[in-house]
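Data block below; observations after.
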Amino acid sequence: MSPQTETKASVGFKAGVKDYKLTYYTPEYETLDTDILAAFRVSPQPGVPPEEAGAAVAAESSTGTWTTVWTDGLTSLDRYKGRCYHIEPVAGEENQYICYVAYPLDLFEEGSVTNMFTSIVGNVFGFKALRALRLEDLRIPVAYVKTFLGPPHGIQVERDKLNKYGRPLLGCTIKPKLGLSAKNYGRAVYECLRGGLDFTKDDENVNSQPFMRWRDRFLFCAEAINKAQAETGEIKGHYLNATAGTCEEMIKRAVFARELGVPIVMHDYLTGGFTANTSLAHYCRDNGLLLHIHRAMHAVIDRQKNHGMHFRVLAKALRLSGGDHIHAGTVVGKLEGEREITLGFVDLLRDDFTEKDRSRGIYFTQSWVSTPGVLPVASGGIHVWHMPALTEIFGDDSVLQFGGGTLGHPWGNAPGAVANRVALEACVQARNEGRDLAREGNTIIREACKWSPELAAACEVWKEIKFEF
């Protein structure tokens, strides 16, 4: 018998399988300020106690495996293991529990969202003891937050770059999203910016397809931006989607955008991946580019109520990885989003400090210290009649983005942009005068129609549009 084997035998190593809860369920544990805390919605298989299910999540997302192993004796599990420290039943749901897990900070590589997610959600979601598992929220300790650079610029720097204050920013996604030539695409960009929008946008799946290669699109969009700026005296931008098949190609596209002198580029951060996103955010910070983030694929991850990951976790991850804008739902419009829950993660994006508030889906108090904020983008099935509600719900620090609600105007793209700008300015003025947008919104829009035929035409087209499914 080797000396190593004798040593292990002397401390009582016993091969075999034992319950996770014997090691990883620790209700007496007091969390540390440096712990990463996770709130999981756990649905155990029939016959699996919640303590065992919660402990299994803690084990399989940290140091545990299915059986005891010799090498456990070569490290300190008490220092490195995850701990399920509290369990509470979910009100109104049978056999669902919120299990709180604490992870020591040493388990995670500094400045790497990729590593954080690989550990916490990388393997445990397929665990047989669980019918379903959802990560509802994370508390990122300040010690870990400070290892990330975060958004390239943030809200205040963006406003200073654009010289635009006191109102939400206005955007438009160019439609049809696929099939336009680069020149016709640039024409639509110009018309929307000339009509009064601050930004136009590539759709998330516009990359570099045969009908419109990326370099041609970038050139025509830059021409459109420069022409609109010269005619309006306002700083304009178009979210040039730099997402590509490789990180090298993505950075090459961002470099070309910088050389053209445009203010902002775009990335699909979930399909592109967090490593690519963080790399692009670092480039944008170093080279004065704003970074717009689209959340394409998010509903694959976050839509199911008992499995996957809530968008507030993806939003926190984006603030760490880096982005100046991110799509965040609308509350109104065609895409799903509950008001209080949506405002909960909107505050997590913008504010320096957010208090725990379960009514808004916030499980932990979160401090971002000096990390810049991210502008939430409201987009998806919205039009001029929604403007009062959007202004009231999202406030000034937001981007309100109308695709079909601009390009679907009966008189064309520029009048569609005019209608949206007039509606926004009317709502901001009414709010500043003390009027209640929630109660008087339709009246405010109708009053503005009297001196804007473009707005009146838009209101007539979309007066009956509702998304009720």
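The backbone N, Cα and C atoms fix where each Cβ goes, glycine too.
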Annotated companion of ASN123, THR173, LYS177, ARG295, SER379 at the substrate site, Swiss-Prot, chosen from HIS86, HIS238, HIS327
HIS327
Among HIS294, HIS327 [recorded positions], residue with fewest other Cβ within 10 Å:
HIS327
Helix, strand or coil at HIS327 (substrate binding site), per DSSP?
strand
Per DSSP, to which secondary structure element type does SER379 (substrate binding site) belong, with helix, strand and coil as the options?
strand
Rounded inter-Cα distance in Å - LYS201 (N6-carboxylysine), HIS294 (active site, proton acceptor)
10
LYS175 (active site, proton acceptor), Cβ-centred 10 Å count of other Cβ atoms over all protein chains shown, is 16
Largest tally of Cβ atoms lying within 10 Å of a Cβ, found at which of the recorded positions LYS177, LYS201, ARG295
LYS201
Return only the integer: C-alpha distance in Å from HIS327 (substrate binding site) to HIS294 (active site, proton acceptor).
6
